[in-house]
Amino acid sequence: MAREYPLERYRNIGIMAHIDAGKTTTTERILYYTGKSYKIGEVHDGAATMDWMEQEQERGITITSAATTTFWTAEDATKDPMSDPETLREGQPKHRINIIDTPGHVDFTIEVERSLRVLDGAVAVFDGVAGVEPQSETVWRQADKYKVPRMCFINKLDRTGADFYYCVQSIIDRLGATPLVLYLPIGAESDLQGVVDLVNMRGIVWQAEDLGAKYEFVEIPADLADKAAEYREKLVETAVEQDDDAMEAYLETGEAPDAATLKRLIRKGTMDRAFVPVLCGSAFKNKGVQPLLDAVVDYMPSPLDVPAIKGVLPDTDTEETRPSSDDEPFSALAFKIMNDPFVGSLTFTRIYSGKLSKGQVLNSVKDKKEKIGRMLLMHSNNREDIDEAFAGDIVAIAGMKDTTTGDTLCDPANPIILERMEFPDPVIELSVEPKTKADQEKMGVALNRLAAEDPSFRVSTDHESGQTIIKGMGELHLDILVDRMKREFKVEANVGAPQVAYRESLAREVEVTYTHKKQSGGSGQFGEAKVVVTPGERGQGIIFEDEIKGGNIPREYIPSVEKGMREQAESGYLVGFPIIDFTIRLIDGKYHDVDSSTVAFEITGRGAMREAAERGGIKLLEPIMKVEVVTPEDYLGDVIGDLNSRRGQIQGTDSRGNAQAVEAFVPLANMFGYVNELRSFTQGRAQYTMQFSHYDEVPANVAQEVKEKLA
């Protein structure tokens with residue numbers, strides 16, 4: 001089976017947005033117009049094709065990012081833009097679009113992060129009433145981190161209170177981005193009829209009857225002529241800045257470049273992230289989706305337009321790039337694992353170079369071989385078996401044994417490890433206990449499966465109580481995982497109240513000499529270590545420095561000292577939470593020819609850490625959340641008063657449309673159940689988002705309470 005679509009006709013894009021901006025609906029429409037799903041699934045009917053987990057359909061939010069492959073033919077820019085829509089697409093090459101739908105809820109930013117890692121471009125969807133919302137900012141920053149070229153679709157312009165121009169301004173104010181407006185809305189709110197296409201200077205109007213597949217080109221309405229001319233001029237001026245020759249020609253003649261040249265310039269600026277093209281419409285009312293697809297083909301990068309992926313060679317640690325080409329050695333990144341009710345475990349994989357057929361590949365991170373048996377192309381919830389996949393493809397591989405999220409798959413003869421993804425540490429935890437003996441075994445399997453799928457979800461056992469503790473990014477995150485355990489794995493469990501994931505930290509530098517000796521006939525145990533333990537910067541982790549001179553502790557025992565100290569730090573000192581962010585300097589020690597061993601030095605390390613904690617003093621740290629509440633003016637005082645009562649530090653307020661946004665740092669311990677209280681004192685009119693910001697010291701009186709509660 002040869003490659004069907006050349007690489008330059010691939011588009012790997014993500015659709016990202018704030019919760020409720022209409023992202024899944026937009027994806028649904030894209031699938032409908034590209035002929036992938038024959039009937040439109042509505043989110044509020046619980047029938048959207050991309051949201052295929054039962055809970056997503058019940059809650060109406062997207063939790064997992066499903067990858068879907070679809071196809072589209074764009075217009076021919078050299079033909080008369082007013083000719084019939086069919087004629088404009090005739091004879092044009094088909095493009096293959098892989099869409100990754102991402103969740104917009106802040107508890108699932110991990111999903112967004114891992115999708116952005118494998119995309120080449122992204123479409124940010126905004127709500128036409130609210131403009132840029134907190135989660136949109138988070139996602140935007142994540143996209144900046146991965147240098148993803150993107151464009152914006154201002155959606156829901158059929159809603160009462162929708163304001164396209166306010167949204168464009170909010171892209172400048174809140175994201176610090178440079179919007180390049182390509183379309184203006186015709187009509188507003190319930191009277192939205194279509195859009196003005198500024199590249200071709202024409203109106204596009206949808207005939208409402210048949211789900212928006214039919215539209216026609218019209219002259220630009222007279223009442224929009226001035227506005228269209230003004231925005232067209234801005235568009236041309238920004239576009240010609242991308243190319244010196246075009247700029248010169250424009251300055252000399254004052255004539256705008258033709259449509260084909262304009263598109264080329266806009267494409268260049270989009271890829272260089274000089275600006276973000278802005279489109280508009282209403283996905284729900286089927287208006288503006290075809291121009292969005294055209295823009296994806298015209299302006300979003302193909303795998304050849306983005307820098308080649310970098311990696312390191314496992315043996316030598318030298319850096320190497322793998323260009324997007326079928327002739328390069330095979331390399332791919334496993335970016336998501338899902339359990340499929342029909343196929344079992346599926347590993348979603350982005351192929352960066354080479355081709356993949358059935359047989360063996362190497363997981364270079366784990367250094368294990370994996371067998372490729374069954375490969376699938378996913379169309380939201382139905383699937384197509386394939387025998388071969390190429391550079392640029394996003395495929396699902398069934399039945400992999402050892403591969404987890406973020407692992408590299410490659411050709412065993414040419415191993416490489418691609419850049420890994422970073423996953424945040426969880427900030428909230430709760431205990432789960434199986435209801436019956438039968439549930440006990442199933443629960444272990446279920447939790448391991450869920451943890452393999454989601455790297456921001458961790459499972460551990462409390463050594464003292466024997467309870468199983470699950471940790472995640474927020475209440476909703478853990479809620480959904482417990483719910484999935486019940487539905488998918490039929491495990492009934494009692495769930496404890498959510499607990500804060502506190503941390504411990506050293507109060508001051510301390511020098512400790514610890515000797516472990518056990519003599520009792522025969523071979524004994526002996527180890528001595530002298531260490532200096534110093535509190536570090538927040539977020540530095542544990543740093544171990546070996547400063548042993550002259551072999552006072554033999555080389556082979558030094559890792560044991562480090563291991564013992566790290567393990568002891570993990571189990572904490574004050575109330576059993578990990579001690580974080582400090583530096584250990586191992587400066588001296590002693591050993592015995594017969595009695596010393598790796599085990600003896602590990603015990604020495606543990607003892608040294610215990611003593612360092614005891615003598616250096618321990619402070620309790622708590623996770624501080626960045627909270628943003630958007631509330632009507634009337635409740636502003638109540639909201640601020642309430643946040644203050646939760647030990648919050650107000651950072652500022654600013655007006656957003658007709659509402660006020662309050663930003664504050666609040667300890668997570670004081671935010672449980674906030675959603676219900678906020679709802680009750682604002683009559684459900686305020687909403688909030690929160691995300692982890694940093695760890696900070698717990699005030700003495702609160703620390704005392706925590707100790708008593710947890711002791």
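From the backbone N, Cα and C atoms, a Cβ is placed for every residue, glycine too.
These numbers come from a predicted model, not from an experiment.
Swiss-Prot lists 17-24, 101-105, 155-158 with the feature GTP binding site. Long-range neighbours of LEU157 (GTP binding site) (same chain, six or more residues apart, CB within less than 8 Å of its CB): GLY128, PHE164, PRO185, ALA188, GLU189, LEU192, CYS280, GLY281, SER282, LYS287.
Note on the domain 'tr-type G' (8-304): mean pLDDT across this stretch is 83. The domain 'tr-type G' feature in Swiss-Prot is assigned to 8-304.
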Can you check what DSSP calls THR102 (GTP binding site), collapsed to helix, strand or coil?
-> coil
If you count the other CB atoms within 10 A of the CB of ALA17 (GTP binding site), including all protein chains displayed, you should get 28
